[in-house]
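The SUMO2 cross-link annotation in Swiss-Prot covers K109. Feature annotation from Swiss-Prot assigns N-acetylmethionine to M1. What Swiss-Prot records for T180 is phosphothreonine. The phosphoserine annotation in Swiss-Prot covers S182.
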Amino acid sequence: MDAAEVEFLAEKELVTIIPNFSLDKIYLIGGDLGPFNPGLPVEVPLWLAINLKQRQKCRLLPPEWMDVEKLEKMRDHERKEETFTPMPSPYYMELTKLLLNHASDNIPKADEIRTLVKDMWDTRIAKLRVSADSFVRQQEAHAKLDNLTLMEINTSGTFLTQALNHMYKLRTNLQPLESTQSQDF
């Protein structure tokens with residue numbers, strides 16, 4: 001799975017918009033959306049929110065966790081813990097990127113939020129590298145990676161898979177070969 005596919009999955013996450021138009025319910029395969037009334041908040045998938053925002057049909061409300069104070073606490077907690085801490089959304093990085101690229105005018109302190117999320121991302125990727133290094137040095141057979149997001153796994157997945165394959169090959173080459181010759185005299 002590549003980054004574009006992960007972003008596609010993230011676009012299905014629900015966000016809140018405040019429409020400036022009236023429309024009855026929309027019946028889609030993924031579920032019903034609406035009704036849309038001017039000034040009344042409604043939850044829609046991110047892909048629709050971005051589309052409506054681009055056509056100036058709504059205002060996007062940032063997710064509850066997309067707040068400078070909350071993100072600072074999460075960043076500090078992530079830095080203090082040795083293990084990966086739960087993220088506010090399984091798609092926190094993709095949501096931040098998409099919302100800030102398409103609706104930064106609707107998000108207070110957008111630049112600070114971008115920096116805080118990038119700090120959390122960098123901290124988590126650094127932890128992942130340290131974990132992978134420790135994993136290789138200890139010659140472990142399996143690892144437990146709780147609280148990683150799909151994008152984080154995707155970012156390091158190729159490297160980890162290749163590293164594990166190389167380790168497997170090295171281990172099988174180092175094991176003593178079993179004798180195939182008979183010991184009969």
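Just so it is clear, glycine is given a Cβ too, placed from its N, Cα and C backbone atoms.
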- Cβ neighbours of the residue listed as 'SUMO2 cross-link' where a neighbour is any other Cβ within 10 Å: 15
- Message: I'd like the number of other C-beta atoms within 10 A of the C-beta of the residue listed as 'N-acetylmethionine', please.
- Response: 12
